[in-house]
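One structure is given below, encoded as structure tokens.
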């Protein structure tokens, strides 16, 4: 019996050993260290001071924007004013630190993680959500060509030029992946001041949409290209040929671009269905009757694709952009009127605060960032950026004119080239790069700051005189006096609710407005025929009546509050009416 038991034990040990060799153990997921005690308290104090400093800077910038509106300084774009204020605040803080009166070095330092996690997603989502205006989908082919292929062309020209100039010892030497990473991040355009000028002067709406649409998609493409270059830097590519490296980079880019776009699109379509999907005659979801819950659900879906995409190693910015576009096109029209207004105003306010904070810290970075300045590197980078933008715009516009009914004129091409301003995204990406040694990182950061300020202050400030010089503005705008030009984006947002984005269509109204139109073609026809009827809700007269009751109830409550106020006299009420 003992001998038999021994044989069984030996057999079991042999079997377990063989099985263990076949099964590869899954590595445990590392647990991030949790700070406790004194360390946690110090971290909490540091974070509290950072939040306080950021809110203080934001409050000062809001006061500045208010003063611009109050004293009607409409000729000055708000982004330029906020950057200038940031530079002045940075100089003031530097003087205080030199006198050893305070130390704000940690608080005034721009944190890339905070930018990508908190500030950038609302800006990108609001940009996508606001694309209901104009003719984005009529120009989707042109916008995609400029934003995807044009951005790639610009990145390769800038990155290739920097690499070969470095190899020739003309400028600071960078390797291929670092050069391509810099070319990708500096290709992100942010024509905030240009769009404000376009709206003020009523330029051709097609030109407006081409510049605006390209800038939105371009940001996401630039981030994906930069992440692609970073991925190549992290991997050991010494034993891989140039062709294999290119194929790996292309595969990574396609996975990030189409995977993230598909995820964002799917999330947006789910949000369109969830507000009115039926599970039978008695079970259905209808959040329109409770606008607070409906609004909360929309806020969740606004940020949901970003977190999911980043969690599965895709591009959260690309996902949240496409989610915003889809939610604007389908989901928004399923919402109650109260929630539609709440979404408009909330997204505008949050995006404005995030943009203002980013531009202020961009100005502060002149004094808070440890710089490494090389004149030859900066000059050649500016030349390559302008040349890359030209190779992007002019050949692609010439190619597109073979297929477009509304041609892109040479004047429009020139304005599109001139409006290639750089913003906070290139700066944040430059700080996010893990470049070694540290002087290389400082050189890239310093050069990026100079290019951003050069394009915002010089190109942004010269856009209006250029438009007037080449006579591209609308004839009605040409008759205006310069005093009537209003470049304040905030004042326009606060004074208007976009009625074209407040829509409740019955089945008959939708059929008359879209289905029976003969001028629709391509994606617009397919969307009106199949997608829109499936993902948007056709309202009954009862639904419309309930929506009007919601708005009347909200308005009556507000009016009763006003009447009960200390200054609510009958004369004031009559004057208000």
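First residue shown is number 1, and so on along the chain.
Yeah, the Cβs are placed from backbone N, Cα and C, and that goes for glycine too.
Under the heading domain 'Cation/H+ exchanger transmembrane', TrEMBL lists 61-467.
Here the transmembrane segment (51-69) has Cβ contacts under 8 Å with residues 76, 78, 81-82, 85-86, 89, 104, 107-108, 353, 356-357, 359-361, 364, 488, 490-491 of the same chain, all six or more residues outside its ends. Taken from TrEMBL, the feature transmembrane segment applies to 51-69 (among others).
According to TrEMBL, the transmembrane segment annotation covers 75-93 (among others).
Among the features that TrEMBL reports, transmembrane segment is placed at 114-131 (among others).
Sequence annotations record features per position, and here TrEMBL assigns transmembrane segment to 143-166 (among others).
Per TrEMBL, transmembrane segment is recorded for 178-201 (among others).
Summarising the annotation, TrEMBL assigns transmembrane segment to 256-279 (among others).
According to TrEMBL, the transmembrane segment annotation covers 350-371 (among others).
According to TrEMBL, the transmembrane segment annotation covers 377-400 (among others). Only residues 6 or more beyond the boundaries of the transmembrane segment (377-400), in the same chain, are considered here, and those with a CB under 8 A from a CB of the stretch are 141-142, 145-146, 149-151, 153-155, 157-158, 161-162, 165, 170-172, 183, 186-187, 408, 412-413, 416-417, 420, 422, 443, 446-447, 450-451, 454.
Long-range neighbours of the transmembrane segment (412-429) within the same chain, counting only residues 6 or more positions beyond its ends whose Cβ lies under 8 Å from a Cβ of the stretch, are 79, 110, 112, 115-116, 120, 185-186, 188-194, 203-204, 206-207, 210-211, 214, 219, 222-223, 226, 358-359, 361-362, 365, 385, 389-390, 393-394, 397, 445, 448-449, 451-452, 455-456, 459-460, 462-463, 466-467, 470, 472. The feature transmembrane segment is assigned by TrEMBL to 412-429 (among others).
Positions annotated as transmembrane segment by TrEMBL: 449-470 (among others).
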Other than its close neighbours in sequence, what residues sit by the transmembrane segment (350-371), given a CB gap under 8 Å and a spacing of at least six beyond its ends? 54, 57-58, 60-62, 65, 78-79, 82-91, 93-94, 105, 108-110, 115, 118-120, 122-123, 125-127, 192, 423-424, 427-428, 442, 445-446, 449, 452-453, 489-490, 493
Below 8 angstroms Cβ to Cβ, which residues of this chain, lying six or more residues outside the transmembrane segment (143-166), approach it? 136, 172-176, 179-184, 186-188, 209-210, 213-214, 216-218, 221-222, 225, 257, 380-381, 384-385, 387-389, 391-393, 396, 399-400
